[in-house]
Amino acid sequence: MATIHVDGKEYDVNGADNLLQACLSLGLDIPYFCWHPALGSVGACRQCAVKQYQNADDTRGRLVMSCMTPATDGTFISIDDSEAKAFRESVVEWLMTNHPHDCPVCEEGGNCHLQDMTVMTGHSFRRYRFTKRTHQNQDLGPFISHEMNRCIACYRCVRYYKDYADGTDLGVYGAHDNVYFGRTESGTLESEFSGNLVEVCPTGVFTDKTHSERYNRKWDMQFAPSICQQCSVGCNTSPGERYGELRRIENRYNGSVNHYFMCDRGRFGYGYVNLKDRPRQPQQLRGSDWIHLNADQVMQGAADILRQAKKTIGIGSPRASLESNFALRELVGAENFYTGIAAGEQQRLQLMLKVLREGGIYTPALREIESYDAVLILGEDLTQTGARIALSVRQAVKGKAREMAAAQKVADWQIAAIMNIGQHAKHPLFITNVDNTRMDDIAAWNYRAPVDDQARLGFAIAHALDESAPAVADLDRSLKGKVDIIVQALAGAKKPLIITGSSAGSDAIIEAAANVAKALKNRGSDVGITFVASAANSIGLSMIGGGSLDQALELLTRGEADSAIVMENDLYRHAAKDKVDAALDNVANLIVVDHQRTAIMDKANLILSAASFAESDGTLVNQEGRAQRFFQVYDPTYYDDPKKPESRSIMLESWRWLHSLHSTYTSRHVDWTQLDHVIAACVEALPQLQGIVEAAPDATFRIRGQRLARSPHRYSGRTAMRADISVHEPRQPQDIDTPFSFSMEGNNSPLADRQQIPFAWAPGWNSPQAWNKFQAEVGGSLRFGDPGVRLIEAGEGTLDYFDSIPAAFTATAGNWQIAPYYHLFGSEEMSQRSDVIQQRMPTPYVMVNPADAAALGVNLGTLVEFNCAGQTLRLPVRLSDTLAPGQVGLPLGLPGIPPILVGARVEDLREAVQ
């Protein structure tokens, strides 16, 4: 700690910080532009000037840039000094000479750091009356709009995009006061993290193009604390709504998880919530017609189905909340509950849980990954399957430069000096995958091989680290030298990290990763292990347990159950089409609960219109084992026209539908009237989920008697927004499930004792930089702790080494193994329904080694077809020199190419008949 003196007052601060960060952490306001907590200091904008004095007796002092000045013990500064204030105002005036006065039409208005800083410095009158420099804007793709004329040349965008996210296609061009930030030519930004430019940019140069189409000011939207539903990482988000539509998603700060950044799929992939073809009312099939029902009618109809059924099973979903899966389990009974996950995938998830619980290996939070100094990734194309983890790994690799700088006593925030000292030095990163990955640019070595061979390499590394681990007898000689290099790097690291997951479709690769981690732990290393799962709640559903989807389908095919309830699950993604069809042909009554129209609904008798994440509350468990609550953003019924009952929205949380059905079926009163009741019942029945109670406060939580506001206090137009429906303003929706209010009424103070924050706003801070006001220390944890609770902690380490080493892959003529390829834009079930994501999705393809292509007599672009898992695929050929012969790569998860094809065999690959 250090003691500094600011305007005559004494403060204790972190001596490792610079003065800007220290003062902001104290709650003192110093304007700034180029500095960012995650990007460090470069002193480019000169906006954060303060007066520094030599000692208490010095009355003259000198101007210094607070972001470039260490907070050393005994520092005396003044923020309010008249010279410093005048200098800061003049800096804004310089910046404004070329900045257009277009706030009323700028999409950043009301969410703009430049506006905040201009007001903070007191600059309110423009003296510049001459020509402004102007630029041509670029088309940067479907996600981001570009308006270069608003640029103040703070350099944040390129520092984030190039230096932090390792993007290569955004740069700065020009000189002196005429610089241009963009691409060499128009084109889609290639980085999977480009959307963060929207929040990193302090002005309106980069804005959310998906928001532009249905634009609202920040103060006119309703927000809620939420969790990204698009992968297993569990990034915290702030979705914003107006007029019953999601308008945008912003990053929500969580110091333990995603902190300031998220991936583009999570930010822009929300369009499926706004689709017009969503089921918005319950429907029942009568003859060949679908009849719309009200809630009471559909509950009676569903209860009659259950009463007449010989046996009913429930099929859950890894994209549904814990509460919804538990409600289905309670309805059908634990013995009749099936997870909706394919048997192989479920086995891999249970294996990962076993390692997490019994392996004795620590699983780091997402933010902690950045502190590791050697990383081995086995079988995951991490940028496509867990993108935000990939961004953290990039920071871990860059940690080498920080380590070198620290040895020379350079402060951690002196980023320009750190980069100069580091000269692109990196901590070692080793990657195995079936083909190239998006992280190859920072890897020390890449091993491209079939999945079984990747697992064998992992087992060999474990044995080289610890001879008591099982050996790989016939390892390829060419790999032994590489194994030695990897072993040397991992063993020499202070904190090695092993990353793997379920997407490779292999138990062996998970076991190999566990063996490597155990071998390192036996050597005394502070080792970590991170698993990547396939869906937002895969880990949570695995903790609930239940039969696999394969078992459920077998039961239905044999006729042992004649009715099924399928909740938020398109079975065709998790099982072969012919097996699903055969099973459902034997089902007398199929009840489907979902918020999206899926192929399974074509075979349903009854459809219950569920609420999406934006219209519901629930709990998810991420790949780390962290339980996190997401909250309802808006009530869709508020916008219903009472004169048009046929268009009324009847969308309830899946758990509400299922519990209501349970109560109707058993002729008893509804027990679960609010979310807290479900959670209490869940933890009583499933003690392993006990911690979810602490994931968020209950519905009775208040701050000084107030609920928490979902909307900023400047929210406007409430009395007019339904005027086209009725001039009579209805009562605002009442939230019985959470401590939030569906309005601006309530507490939104940055100083309030809460972790769940719907939106970032503080007096004088309207932009995302307002998160500074919610943090215990700027860039650290939130003031009252980061939300979420870990359900799994490393045990004593009772797990033995795994010894099921697979045989080496052998290519066989006329027989190919499907190798998994994943795409951030397209492989995930929900986001692929969004229009803007579809613009970034690749055309489906089959990847073939050139030698195999020559043997087949096909070329690049040739259409080939083959049968697999009960369906015929017809796809154009792509060629890859680095895909091992004997394999065909498929973009798993894209429409029509289910993920369960991973590892399957293809025997009849042939050129398609034109």
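Every residue gets a Cβ built from N, Cα and C, even glycine.
What Swiss-Prot records for 1-83 is domain '2Fe-2S ferredoxin-type'.
In three-state terms derived from DSSP, Cys67 ([2Fe-2S] cluster binding site) belongs to a helical segment. Residues near Cys67 ([2Fe-2S] cluster binding site) in space but far in sequence (CB under 8 A, at least 6 apart, same chain), listed by position: Asn18, Leu19, Leu20, Gln21, Tyr32, Cys34, Trp35, Ser41, Gly43, Cys48, Trp413. Under the heading [2Fe-2S] cluster binding site, Swiss-Prot lists Cys34, Cys45, Cys48, Cys67, citing similarity to another entry as support.
The domain '4Fe-4S His(Cys)3-ligated-type' annotation in Swiss-Prot covers 83-122. Per-residue pLDDT, averaged along the domain '4Fe-4S His(Cys)3-ligated-type' (83-122), amounts to 95 for this model.
All protein chains shown were included, and the count of other CB atoms within 10 Å of the CB of Cys106 ([4Fe-4S] cluster 1 binding site) stands at 19. Classification of Cys106 ([4Fe-4S] cluster 1 binding site) by DSSP places it in coil, neither helical nor stranded. According to Swiss-Prot, the feature [4Fe-4S] cluster 1 binding site maps to His99, Cys103, Cys106, Cys112, an assignment based on sequence analysis.
If you look up Swiss-Prot, you'll see Cys151, Cys154, Cys157, Cys201 marked as [4Fe-4S] cluster 2 binding site. Long-range Cβ proximity for Cys157 ([4Fe-4S] cluster 2 binding site), meaning a same-chain Cβ under 8 A and a gap of 6 or more residues, is found for Leu170, Phe181, Leu197, Val200, Cys201, Val205, Phe206.
The domain '4Fe-4S Mo/W bis-MGD-type' annotation in Swiss-Prot covers 221-277.
The number of other Cβ atoms within 10 Å of the Cβ belonging to Cys231 ([4Fe-4S] cluster 3 binding site), over all protein chains shown, comes to 29. The [4Fe-4S] cluster 3 binding site feature in Swiss-Prot is assigned to Cys228, Cys231, Cys235, Cys263.
Of all the Cβ atoms in the protein chains shown, 16 others lie within 10 Å of the Cβ of Cys103 ([4Fe-4S] cluster 1 binding site).
Of all the binding-site residues given, namely Cys48, Cys112, Cys151, Cys154, the one with the smallest number of surrounding CB atoms inside 10 A is Cys112. Cβ crowding, taken as the number of other Cβ atoms within 10 Å, peaks at Cys263 among the binding-site residues Cys201, Cys263. Calculated from their C-alpha atoms, the gap between His99 ([4Fe-4S] cluster 1 binding site) and Cys231 ([4Fe-4S] cluster 3 binding site) amounts to 39 Å. Cys103 ([4Fe-4S] cluster 1 binding site) sits 13 Å from Cys151 ([4Fe-4S] cluster 2 binding site), taking the Cα positions as reference. Helix, strand and coil content of the domain '2Fe-2S ferredoxin-type' (1-83), in residues and according to DSSP, is 12 helix, 27 strand, 44 coil. Between the binding-site residues Cys45, Cys228, the minimum number of other C-beta atoms within 10 Å of a residue's C-beta occurs at Cys45.
Rounded to a whole value, the Cα-Cα separation of Cys45 ([2Fe-2S] cluster binding site) and Cys154 ([4Fe-4S] cluster 2 binding site) is 6 Å.
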